[in-house]
Amino acid sequence: MGTGSSSYRPKAIYLDIDGRIQKVVFSKYCNSSDIMDLFCIATGLPRNTTISLLTTDDAMVSIDPTMPANSERTPYKVRPVAIKQLSEKEELIQSVLTQVAEQFSRAFKINELKAEVAHHLAVLEKRVELEGLKVVEVEKCKSDIKKMRDELAARSNRTSCPCKYSFLDNSKKLTSRRDVPAYPKYLLSPETVDALRKPTFDVWLWEPNEMLSCLEHMYHDLGLVRDFGINPITLKRWLLCVHDNYRNNPFHNFRHCFCVTQMMYSMTWLCGLQEKFSQMDILILMTAAICHDLDHPGYNNTYQINARTELAIRYNDISPLENHHCAVAFQILSQPECNIFSSVPAEGFKQIRQGVITLILATDMARHAEIMDSFKEKMENFDYSNEEHMTLRTSSVLWGPSTLHPLGFFSSSVKPLPPGNTVCLHFLRILDIKKTLLSFAVYSLYDKTSVCSRDFPTTEAPPGKILTLGGAGMPRLPPAAGSMSLWGAGGNNAGFPSASITRPPSLPASDGESRRTALWDVSRVAQLIPDLFFQLKMILIKCCDISNEVRPMEVAEPWVDCLLEEYFMQSDREKSEGLPVAPFMDRDKVTKATAQTGFISFVLIPMFETVTKLFPAVGELMLQPLWESRDRYEELKQMDAMKEKAESLTPESTASREKSRDGGKREADHA
């Protein structure tokens, strides 16, 4: 039971405003003026307008709290009668109120508050949108999992082949689905461009479209688009197709691809690689970094081999994933609309293909020790603690009639010596390995035959002279004062500095001692530096592939969580399929601290220490963070050990141990 006042409901009036029905609700406590103002607002008229209401048969209705209610079928028509003229007093009051409102707005910064609230609302809307995209990705993952399960079931029914699943069913992704790439071109700010060149770049702040634009910028910034005639639209299509062929794994996904490529880009600037490598080498390094994990399934080579998957059978258990990444990469490039190398000659493309394949195959961690040992073997003759060895390396070489240009080591424009002439070049020295790894000098020409009649007319080689040859990828060097060109004006193609003859500061004048020097075979010299650089490129992509701990802690640590999640997914699957489980992947045995401590100490630090010997700038920006990360995980490891020890001393655990001991004693007595 309720009183009359408690059962009161507000009155609803329906108005016909130019054919549109507007509902107006008011309380019985409103007076006639309030109701008229409410009707004016509803109709869009000024509040001081006098209006009249008419029924459907044009009968006037009084405007007051007791006016009869109507329905949507019988709305009142609104007719403006006149606009009230404000009196002088009312105008004065309104003016004062307006001024007071403006003063309040300035005093309490209402406009600024409005702008701030609007900004926060926009941020919240973006977050909601991103969360919505994540939901879509989750649903897509669920759909992919369902398709994979269906495929597994179908395979088990139709064949006895031990392959677990196929990686080639998604081949539709290899074709470009968009004539013109849909992702927008972001204008990178100067701050972003500068940050992109540093190892501290935060890769978690960027959406896929923004990462694609950053990758596009790298190719333009390094001059690769210009030097290799890459069509910018083709570059967009290629990057978009690469993005589409990375799976949504916890770790091996497109963000990991961007992370590795950005580190390669930053090392290019940090180490001045463009001064030491050719542009072809830079193109190979960047392209291999982008493609190095294409279509990674989230299960490593060990699983592929143990489970006898299609990939393991196809590639005979030899780096099945890395071979698959290479195959997908060149399947994408085989599409004309995605072929960024269409302007490169056939011989150049062959070199690019071989280089990219070699570098991607080098990312197989099963080959880590092999590659590191090979690289150290190439560098074992250098004593990095000895400054003299860092600047001078003494050897000898026999240079015969044929031109030396292995792997582009010398310019193809270098003229061979006339047949029958041999020049013995004494004291081959690699100069300043810190700056120009491929530059070297040869002291003391002592053969009495002519080198080039045009530029070296004497029959006797001048004592105390130096012959300087430029290596591949070196910057052009100006000739020294008083020097004579060995090859003439025409011998400086493809960015190779001309050879020149000039006087060194101090050289042995004895010709006999030079003659007694053992001579090297030319092939040994021809392969010394190119082999070193061949190994160095593999070391560089390996550094970038596992470089997460080089980055700041807040950027690096989420990657550890992602990797462990992927490991645990694999170990769970291996357990369910009865396959061997690696201890570092078992969620019941491994912790973040134990996993990272060993990996940083025995894999990352030794590799980056080796690179630091060649590029000292790496020490402060990359090696130092690794030491700090190792120390941090060591502390975390000790804390975990202390925690386990404390838990083992609790009464429950003590009672459990005593019970177990008593049980064992009874069994022994029974025996």
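We count from 1, first residue shown onward.
Cβ coordinates come from backbone N, Cα and C, glycine included.
Nobody curates TrEMBL annotations by hand; they come from automatic prediction.
As recorded in TrEMBL:
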- 176-640: domain 'PDEase' (DOMAIN)
- His252: active site, proton donor (ACT_SITE)
- His252, Asn253, Phe254, Arg255, His256, Asp293, Asp545, Gln596: AMP binding site (BINDING)
- His256, His292, Asp293, Asp545: Zn(2+) 1 binding site (BINDING)
- Asp293: Zn(2+) 2 binding site (BINDING)
- 638-647: compositional bias 'Basic and acidic residues' (COMPBIAS)
- 638-671: region 'Disordered' (REGION)
- 655-671: compositional bias 'Basic and acidic residues' (COMPBIAS)
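Known features from TrEMBL, placed on the structure.
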| residue | record | Cβ neighbours (10 Å) |
| --- | --- | --- |
| His252 | active site, proton donor | 25 |
| Asn253 | AMP binding site | 20 |
| Phe254 | AMP binding site | 21 |
| Arg255 | AMP binding site | 18 |
| His256 | AMP binding site | 22 |
| His292 | Zn(2+) 1 binding site | 27 |
| Asp293 | AMP binding site | 25 |
| Asp545 | AMP binding site | 22 |
| Gln596 | AMP binding site | 25 |
Would you mind splitting the compositional bias 'Basic and acidic residues' (638-647) into helix, strand and coil residue counts from DSSP?
10 helix, 0 strand, 0 coil
Neighbours of the Zn(2+) 1 site His256, His292, Asp293, Asp545: Cβ within 8 Å of the Cβ centroid, same chain, sequence order.
His252, Cys257, Val260, Ala289, His296, Thr363
What subset of the binding-site residues Asn253, Arg255, Asp545, Gln596 lies within 10 angstroms of His292 (Zn(2+) 1 binding site) at the C-alpha level?
Asp545
Limited to the domain 'PDEase' (176-640), I'd like the whole-number average of pLDDT.
74
